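Trainee: Just dropping this structure here.
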């Protein structure tokens, strides 16, 4: 199995800096595991590694999509797997850094497209509305057209299962009937970064203020001119809150506060997910920056272990 390091944790805890340090120490290359950093031109709101940071180590899966393009978990896995193989064949260490938990789970554990698949409340509600307004048969016929195998196993009257199957197809870009969990082809080592919650929230609030000062509003205006809220990239935190109030300066302060709140909530969800779904080794580099030496020792020990 190929050894892969994964640097995970909530926003604003130092994942980018640690990934670069690991890449420099172990001849590594960094693969972004973030669903928003794939978008070109959206640098500030996605907390993308700066040009100076990217120059310190090879980076992959950053700036590969236009803002009007979807980027599904299936696309991520399809892009990341050959990258990991190529990095390994170069004799380098693949390092996946990012906060989109389901992407990493799909990569390391195999794509699960059933109950464990991600959901989208807006898509779900839209599909339910179709069932109410046009009848369950119309919804089931949509599924039959897109995934006949799944439709053959779901009665046309079962609205809940029909909605779930269509939701998974739209969110993941994969057929619902292609449920799989082939098991990992990788030996992954999860490094989890976190810090005390009050300090984490303080850092998140400061990061949002820094983003605004760095030109986040200009980035959102650029996005608005290209389709705004209709674009797949517009769903990200920082963009979705500001797009509706660009022409309402009196509401900007409240929107920025909302970004902070949404970011804090997202960080909490990230932590919950990684604690329950991974066997991460947790460290606090915010309060104890000297721990980076221990991380390097731990990775060294893991690298010397046989698969």
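Cβ coordinates are placed from backbone N, Cα and C, and glycine is handled just like the others.
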Trainee: For which of the residue intervals 34-37, 38-41, 42-45 does Swiss-Prot record region 'Interaction with substrate tRNA'?
Mentor: 34-37
Trainee: Please list, for the region 'Interaction with substrate tRNA' (34-37), how many residues fall into helix, strand and coil according to DSSP.
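Mentor: Each residue of the region 'Interaction with substrate tRNA' (34-37) counted once, the result is 0 helix, 0 strand, 4 coil.
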Trainee: At the Cα level, what's the spacing in Å between residue 11 (ATP binding site) and residue 124 (site 'Interaction with substrate tRNA'), rounded?
Mentor: 28
Trainee: Take the mean position of the Cβ atoms of 9, 10, 11, 12, 13, 14, 15, 16, the recorded ATP site. Which other residues of that chain put their Cβ within 8 Å of it?
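Mentor: Surrounding the site, in chain order, are 99, 193.
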Trainee: At the Cα level, what's the spacing in Å between residue 100 (site 'Interaction with substrate tRNA') and residue 15 (ATP binding site), rounded?
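Mentor: Pair distance, Cα basis, whole Å: 13 Å.
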Trainee: How big is the Cα-to-Cα gap, in Å, between residue 124 (site 'Interaction with substrate tRNA') and residue 16 (ATP binding site)?
Mentor: 34
